[in-house]
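Peer 1: Let me give you the structure first, and then I'll get to my questions.
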2 protein chains.
Amino acid sequence: MEKRVFNFSAGPSMLPVEVLEQAQRELVCYPSCGMSVMEMSHRSKMFESILAKAKADLKELMHIPDNYKIMFLQGGGSTQFAMVPLNLMNKNNKADYVITGQWAKKAAEEAKKYGQVNIVATSADTTFNRIPELDSSKMDPEADYFYITLNNTVYGTHWTNLPDTGNVPLVGDMSSSILSEEIDITKFGLLYAGAQKNLGPAGVTVVIIREDLLGNAMDFTPTMLRYDIHAENDSLYNTPPTYGIYFMGLVFDWVKRQGGVAALQKINEHKASLLYDFLDASSLFRGTVVPKDRSLMNAPFVLPTDELNAKFIKEAEALGFVNLKGHRTIGGMRASMYNAMPVEGVEQLVAFMKKFEMENK
Amino acid sequence: MEKRVFNFSAGPSMLPVEVLEQAQRELVCYPSCGMSVMEMSHRSKMFESILAKAKADLKELMHIPDNYKIMFLQGGGSTQFAMVPLNLMNKNNKADYVITGQWAKKAAEEAKKYGQVNIVATSADTTFNRIPELDSSKMDPEADYFYITLNNTVYGTHWTNLPDTGNVPLVGDMSSSILSEEIDITKFGLLYAGAQKNLGPAGVTVVIIREDLLGNAMDFTPTMLRYDIHAENDSLYNTPPTYGIYFMGLVFDWVKRQGGVAALQKINEHKASLLYDFLDASSLFRGTVVPKDRSLMNAPFVLPTDELNAKFIKEAEALGFVNLKGHRTIGGMRASMYNAMPVEGVEQLVAFMKKFEMENK
Ligand SMILES: Cc1ncc(COP(=O)(O)O)c(C=O)c1O
Ligand SMILES: Cc1ncc(COP(=O)(O)O)c(C=O)c1O
Ligand SMILES: [Mg+2]
Ligand SMILES: [Mg+2]
Ligand SMILES: [Mg+2]
Ligand SMILES: [Mg+2]
C-alpha cells in the first residue's frame, strides 16, 4: 500500500487509519446487508441501528446527561452561526459574544442579523494570540445566551477556564476540540462541532442541546434550521448525511478502544508538549500564542523570516509532513494535531524541526 | 465477497457497484496523495481539482450553458424548500406552485413563510396519481417563479411536458430524476437535486441556477442559505461535503462511460417498460399512476389486498429484492429503478412477480 503522510491539516484532517481501513472493508457491502451503508434507506432498521449506536456511544464518551438532545445535522459550523441566534435569541433578543478570532467573529456577525450582539471581550488587539480577560460588568445578565469558540482553530487558542455565566446559557463552538479533552457538558446550554476535524468526513455537525432550550425559534426560521424539528425527529426529519454518521460511529468505537476521552486527552497533552517544549527551547522557532491559552489541537508557530517559513514548509512537505502552512489570514506555520495524529507524527516533526534549526541558524 | 442485493429503495438508493469498488480501492489512500479524500483540506490543490472536475463533468453531461452556476451544497432537498423562496421571492414576493405530492406540498408550505403562494393546480383529488392539468388563467404572470417537482418520488409521477411559464422562471426539484433523462436546462431558472438517489451518498445537493437570478436574497436569509454566497465562492464558502462531492464525481465518470444521459435514458425506458408492461398485462398486479405520467424512476403498484402486499414484500425480500415497500404514506409497493439498478434487477423482479401471480391468483 501507498505510504501515508503525516497530515497536519486544520480540517478536514487526519482520520485514524484503522477506521479508514474498516470503512474500506465495509464500503461495498456492510456486513450481512448486501449493500453499502451509502445505499441504505435512512428509514431502514440497519441504518437506524447505526444512528442509535452512534448517539449512544457519543453520549457515553462525553458523559452527556439525559436532559440533553444529541443531533447529527448538515450545514457545517457556519450554519450553526445562524441556527444559534434563530433558535436561542428568543427571550430578550440579545446575546453576549467573546471574540477570539474569525470563527467567533463570523458567528457574531451572523447573530447581528437577528438581534442585539454584545461583544463582551475580544483579543483582536494582540492578533488573537490569547483568550481575552473577561470583565464581568460587561456581561449582560439578560442575554439569551453567552457564546464562545472553545478552541480557535486558526489562532491556536483554547479556553481552559470556562466563563461563569450564571443563568445565561453558555453556547460553545467545539468544532476543533470535540473528543480531544474531557469537558463538563452541564456547564453548557448548547455545544456544537463540525465533524471534519476529530470525528469524520465533512458534512455532519454534532449538536448537543439542553432540552429546555428547544422550541421558540423565530417565526421565519427555515424548518431545516430549527433545533426542535431535528430533536423531535431524532435527526431523521429528512435524509441525514448517513455515511458521515456511520463513519463518526466508527470513530466513536475507535475512541472507546483508545480508552475514551480522558485517555486521548493524556496523549494529546503529550503530543502538544513535545511541540511546545521544543518551540520554547528553540532560538529559531517561536510559538505565537501565550502559553496559558495554547490549544492542544492547533499550534501556530513562526520562523524569523517569510523566506525561512517557506523553506521550512517546502522541506517538511518533501519529507511527508504536509499541510503545515498557516491559515491564509495569518501566515507562518500551523501544526494541527487532532486525535488521529499519532505521537510519532509529532515526534518526527519535532526531530525535523531540530535538524532544520541546526541547518538554518 | 458477500452477494449484493437488488435494492429498490427510493433513496438513499443503489449506487453503481463499479463506483463503490473504485471508492473502496481509494478509500485509505487517494492515488499519489498518501491520504484519504476525507482527510484532504478543502483548500488543497488535490481537492480543488476533484471539485473542478466534478463540476465540469456535470456541466458536460447535462449540457449546462455558461450562464448557469453549479453549486454543491449541504442540507438536502428540504433546505432548498426554504432557499428557493428566500432567494427568489424577491420582486413581487409571490410564487406559483403545482402540487404533485408531499414534496411539492412541503416546498409550498415552507414558501408561505416568506411570501404569497399561489397553488396553480394539484392532483390531491386523485391521490396524486397524475400530473394535474394546468389552467393558464390560474398562472400568475407576476409570480417571482413557478415551482414544480419534476419527478415525484413517492407517487411515481413525472412531468413529461414542461409548463410554459413565459417570463416567470421555472424552478424544478429533480431530486429523483437528475441524470436519468435528457432535459433542456434553458427552460429552467433553477434546478436542484439531493444526491442520494442518482448521484451518491446523502449530504450533497446539486443546485444549478441561472446567473441573473443570483443576489437579492431577503435580508434575514442565513448566509449559508444564500445562493449568491455559494456561487461567488464556488461551493467553498465553508467546508463543503468533500467526500460526497468526490463520490458524485466518480458517478459522473461512470455516467460518461455508459454513454452519457441519453444512453442511460434509453436503458431507463427499457427497465421501466419491462415493469409497466407486466403491470398492465397482469390481472393481479396494478400500477397506480395514469400511464402518460408514469415515472421512469419510481413505480408504485399494488396487489388486491394488504395481505397479498405484505406476502409479496416478504417473499421478495427473501429472494434479495429489498426495499419494495411503498412509502409509509401510501402503502402497497414501490420499485425505484435509478440509474444504478441493472436491467437484470428489473428482469428478475418481473420474473418473480409473474411467478407470484401464478401462485396467488
Ligand atoms: C472553530 C470553527 N468553527 C466553525 C468552523 C466553520 O465550519 P464549516 O466550515 O463546517 O462551516 C470552523 C472551520 O474550520 C472552525 O474551525
Ligand atoms: C423529490 C424529492 N424532493 C425532496 C426530497 C427531500 O430531500 P431531503 O431528504 O434530502 O431533504 C426528496 C426526498 O426523498 C424527494 O424525493
Ligand atoms: Mg473564534
Ligand atoms: Mg522559541
Ligand atoms: Mg411533489
Ligand atoms: Mg394490471
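Quick reminder: no glycine exception, Cβ is built from N, Cα and C everywhere.
Note that the structure is a prediction, hence the values are computed from the model and not measured.
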Peer 1: Of the candidates B:Gln116, B:Gln196, B:Gln258, which does TrEMBL annotate as part of the pyridoxal 5'-phosphate site that also includes B:Gly77, B:Ser78, B:Trp103, B:Thr153, B:Asp173, B:Asn238, B:Thr239?
Peer 2: B:Gln196
Peer 1: About how far apart, in whole Å, are the alpha carbons (Cα) of B:Asn238 (pyridoxal 5'-phosphate binding site) and B:Arg43 (L-glutamate binding site)?
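Peer 2: Cα-Cα, rounded: 10 Å.
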Peer 1: When each of the binding-site residues B:Gly77, B:Trp103, B:Thr153, B:Gln196, B:Asn238 is checked against chain A, which show a C-beta distance below 8 angstroms?
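Peer 2: So the ones by chain A are B:Gly77, B:Gln196, B:Asn238.
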Peer 1: Please report the number of other Cβ atoms within 10 Å of the Cβ of B:Ser78 (pyridoxal 5'-phosphate binding site).
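Peer 2: For B:Ser78 (pyridoxal 5'-phosphate binding site), the count of other Cβ atoms within 10 Å is 22.
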Peer 1: Running a distance check here. Ligand 1 versus the recorded positions B:Ser78, B:Trp103, B:Asp173, B:Gln196, B:Lys197: which have CB less than 6 Å from one of its atoms?
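Peer 2: If the test is a Cβ under 6 Å from any atom of ligand 1, the answer is none.
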Peer 1: Could you find out if DSSP has B:Asp173 (pyridoxal 5'-phosphate binding site) as helix, strand or coil?
Peer 2: strand
Peer 1: Reduced to three states, what secondary structure does DSSP give B:Trp103 (pyridoxal 5'-phosphate binding site)?
Peer 2: helix
Peer 1: Quick check for the class: what is the C-alpha distance, in angstrom and rounded, between B:Ser78 (pyridoxal 5'-phosphate binding site) and B:Arg43 (L-glutamate binding site)?
Peer 2: 28
Peer 1: At 10 angstroms around each C-beta, which of the binding-site residues B:Arg43, B:Thr153 has the fewest other C-beta atoms nearby?
Peer 2: B:Arg43
Peer 1: If the pyridoxal 5'-phosphate binders are B:Gly77, B:Ser78, B:Trp103, B:Thr153, B:Asp173, B:Gln196, B:Asn238, B:Thr239 per the record, what's the largest distance between their Cα atoms, in Å?
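Peer 2: Max span of the pyridoxal 5'-phosphate binding residues, Cα based, is 31 Å.
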